[in-house]
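Annotated region 'Disordered' per TrEMBL: 1-24, in sequence order. As annotated by TrEMBL, transmembrane segment applies to 39-61, 242-262, 269-287, 325-346, 366-390, 463-488, 608-632, 653-673.
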Amino acid sequence: MNDTEKPADTPSEEEDFGDPRTYDPDFKGPVANRSCTDVLCCMIFLLCIIGYIVLGLVAWVHGDPRRAAYPTDSQGHFCGQKGTPNENKTILFYFNLLRCTSPSVLLNLQCPTTQICVSKCPEKFLTYVEMQLLYTKDKSYWEDYRQFCKTTAKPVKSLTQLLLDDDCPTAIFPSKPFLQRCFPDFSTKNGTLTIGSKMVFQDGNGGTRSVVELGIAANGINKLLDAKSLGLKVFEDYARTWYWILIGLTIAMVLSWIFLILLRFIAGCLFWVFMIGVIGIIGYGIWHCYQQYTNLQERPSSVLTIYDIGIQTNISMYFELQQTWFTFMIILCIIEVIVILMLIFLRNRIRVAIILLKEGSKAIGYVPSTLVYPALTFILLSICICYWVVTAVFLATSGVPVYKVIAPGGHCIHENQTCDPEIFNTTEIAKACPGALCNFAFYGGKSLYHQYIPTFHVYNLFVFLWLINFVTALGQCALAGAFATYYWAMKKPDDIPRYPLFTAFGRAIRYHTGSLAFGSLIIALIQMFKIVLEYLDHRLKRTQNTLSKFLQCCLRCCFWCLENAIKFLNRNAYIMIAIYGRNFCRSAKDAFNLLMRNVLKVAVTDEVTYFVLFLGKLLVAGSIGVLAFLFFTQRLPVIAQGPASLNYYWVPLLTVIFGSYLIAHGFFSVYAMCVETIFICFCEDLERNDGSTEKPYFVTPNLHRILIKKQLVPQKQKE
């Protein structure tokens, strides 16, 4: 190829973006002789990991996950814990639920009344005074009532003494367990709220109370438990479907592997499969949303809107609205149109992307171990995620039981002070505030560790983000080294050394841990800023005006653009690290200059290739998602019987879809990294060599002809 055929950049561009590479007869691919890079960052990274391990051990010593799983009575004992006197008492009972209307509920996150563990909830109305009258005739009334009293309670106390000792509730009423707590068994009669067909009841203190008052008190606790309600229901659904979820994710893994293998032989044909499959799956979604929309028109509830039901913890209620399915249908229609338009207007560039994928298929065929590497990445990411979750749970449940003074009347000057339940009755507080209680409030402490738990939560999140990005960076650098070894082999596969992926992985760990940690640290900092921004937005949502909301949106957009730009630059920097073994900053600079000197080729190849692979990811996730939807909604009885009585079928469904997409992303990212590495090496190859006998190109003739042709067309149009 002569000089007139080889595209050249202008002198100003060369000056602005560095000098092009020159011919080096000794350069045969990734440099073998290299030294450690970014040592300081490596040391900081290792110290952070050591600190992270120490934090996990300390949290494990002080934390107790049972505190999140079991309700706790006023003495700090768990309800339903095996091996304790409360083993068969799994439900928490409130002596006087009406006290939960007190403002201290929101202040202390605890209802100011005695709470005990019981085996069942009351089933009828009965006051302590009524029980005493009936006790003289039938002893069984006390046996029924004592289930809701302390073990030291007796049936012969006066009402005044009962209130002072606080051994029994003054009255019980029909209740049912909800979130392992006894709540009033409300029902409606002719549009009126009732309990056991009653609208008023005796409170046991000689007064008459309304059911509405009890509803307000129960709502005070519900505000604290709504989030936990959703969490527990989601947990129950996961407990019933976890093995089906694993089966779905396994099928997604096998399907991704099959697609990667087929890409090597029928890349062009498989692209049409991707395209038709994605369009078909989105079309099925549009049809299903339309069916649900038309079916709801026949129901009386279809007149309801989201403004009528408000914000609901029971998310399934939203699926009973026409608005929901109409919105889904519009969104899917927009996506369908966008995909079709992109296929029409990018058809020429897609042909180039398919040729690049074919070249990548050859590289993966010669280095088959790269198809197994996503499994290692998945294992490492799973370890990081599990460690982060476990550490967060143990941190959240760290501490010792803290007891607070609770005055039912609300007139005690010592209210909300810390107390000791074992000696409380002998202290001055008990004498100064008759009727005051020393009840369990929360888990905490005054040690240095407990004071810095919020800081430890932030540290736990930050190191988790750093590790996740480091694992990703390690995989990208290792794959880049393997594919660069393939590219710079003149005679393929004879000149490819043995175990190129293992060699590249070893070099990345041994010499470039600091550089990979440096690049992943930048991404982790940006992600941390985004999380802080979302946290501030959540906390200040009620005080925001239109201008502040606009600024929030601008910041989100800027951080999103910055994160994606840095990720793109980091990937190319890792390729340069894998090839030349230089530090992160030098590699990032070299990669940026190389891309800018070949910006026309970047515009032709990069994003279009990612779009083709994105269609493959959508096809895998969509196919598994459709099967999961049919299975979890009991529409595949011929093949297998799906799990019954799910709270929210969308919980396992979204988990399978999201997990399938991540698995497909992990496998298809091998192709993405392969194409990007080959492209970087191709740009270097054009600068180092001229295609002559003395300086032959390493690129295959077919790929060289396509890329050069696609670059010359825009240049001629520009002229």
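Backbone N, Cα and C define each Cβ position, glycine as well.
Heads up, TrEMBL stuff is auto-annotated, nobody curated it.
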Hey, does the transmembrane segment (653-673) touch the transmembrane segment (366-390), meaning at least 3 C-beta pairs closer than 8 angstroms, sequence gap 6 or more?
yes
The transmembrane segment (242-262) versus listed stretches 39-61, 463-488, 608-632: most Cβ pairs under 8 Å
608-632
Under 8 Å between C-beta atoms and at least six residues away from its ends: which parts of the chain pack against the transmembrane segment (39-61)?
387, 390-391, 394-395, 398, 449, 456, 459-460, 463, 466-467, 470, 513-515, 517-518, 521, 584
Remote residues contacting the transmembrane segment (653-673) - C-beta distance under 8 A, at least 6 residues beyond either end
238, 245, 248-249, 252-253, 255-257, 259-260, 263, 357, 360-361, 364, 370-371, 373-374, 377-378, 475-476, 479-480, 483, 571, 609-610, 613, 616-618, 620-622, 624-625, 628-629, 632
Sort out the residues at least 6 away from either end of the transmembrane segment (463-488), same chain, that have Cβ-Cβ distances under 8 Å to it, and list them.
27-30, 45, 48-49, 51-52, 360, 363, 366-367, 369-370, 373-374, 376-377, 380-381, 384-385, 387-388, 496-497, 500-501, 503-505, 507-509, 512, 516-517, 519-521, 523-524, 527-528, 570-571, 574-575, 577-579, 669-670, 673-674, 676-678, 681-682, 685, 698-699
